[in-house]
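A.B. asks: Per Swiss-Prot, the features are:
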- 2-30: domain '4Fe-4S ferredoxin-type 1' (DOMAIN)
- 10, 13, 16, 20: [4Fe-4S] cluster 1 binding site (BINDING)
- 38-67: domain '4Fe-4S ferredoxin-type 2' (DOMAIN)
- 47, 50, 53, 57: [4Fe-4S] cluster 2 binding site (BINDING)
């Protein structure tokens, strides 16, 4: 599974960090080109694919790609 944040869409609202029940995301410690600290998936192995982050993201910046096993 691969969790991606599209930094072109993300505005750094941190909703994904707040709504994730498993603590998958943290705020990056580095500014991106837009001058924000985007969320990063630091614990992707904890993701249960509940899609709360995707559903709550106002900018549709999050995608989860399921690996074909």
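Yeah, the Cβs are placed from backbone N, Cα and C, and that goes for glycine too.
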A.B. asks: Taking a Cβ cut-off under 8 Å, which residues six or more beyond the ends of the domain '4Fe-4S ferredoxin-type 1' (2-30) line up next to it in the same chain?
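C.D. replies: Residues packing against the domain '4Fe-4S ferredoxin-type 1' (2-30) from afar: 36-44, 46-48, 50, 52-53, 56-65, 67.
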A.B. asks: DSSP secondary structure for residue 16 ([4Fe-4S] cluster 1 binding site), reduced to helix/strand/coil, please.
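C.D. replies: Where residue 16 ([4Fe-4S] cluster 1 binding site) sits, the three-state DSSP reduction gives helix.
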A.B. asks: What does DSSP say about residue 47 ([4Fe-4S] cluster 2 binding site): helix, strand or coil?
C.D. replies: coil
A.B. asks: So around the [4Fe-4S] cluster 1 site, 10, 13, 16, 20 aside, which residues have their CB within 8 A of the centroid of those CB atoms?
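C.D. replies: Counting only non-site residues, the set is 5, 12, 14, 15, 17, 18, 19, 25, 39, 53, 56, 57, 61, 62.
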A.B. asks: So, by DSSP, how many helix, strand and coil residues make up the domain '4Fe-4S ferredoxin-type 2' (38-67)?
C.D. replies: 8 helix, 7 strand, 15 coil
A.B. asks: Work through the binding-site residues one by one (13, 20, 53) and point out the residue whose CB has the fewest other CB atoms within 10 angstroms.
C.D. replies: 13
A.B. asks: Tell me, which binding-site residues from 50, 53, 57 are within 10 Å of residue 10 ([4Fe-4S] cluster 1 binding site) if we use the C-alpha atoms?
C.D. replies: 57
A.B. asks: Which one, from the binding-site residues 10, 16, 47, 50, 57, has the smallest tally of other C-beta atoms lying within 10 Å of its C-beta?
C.D. replies: 50
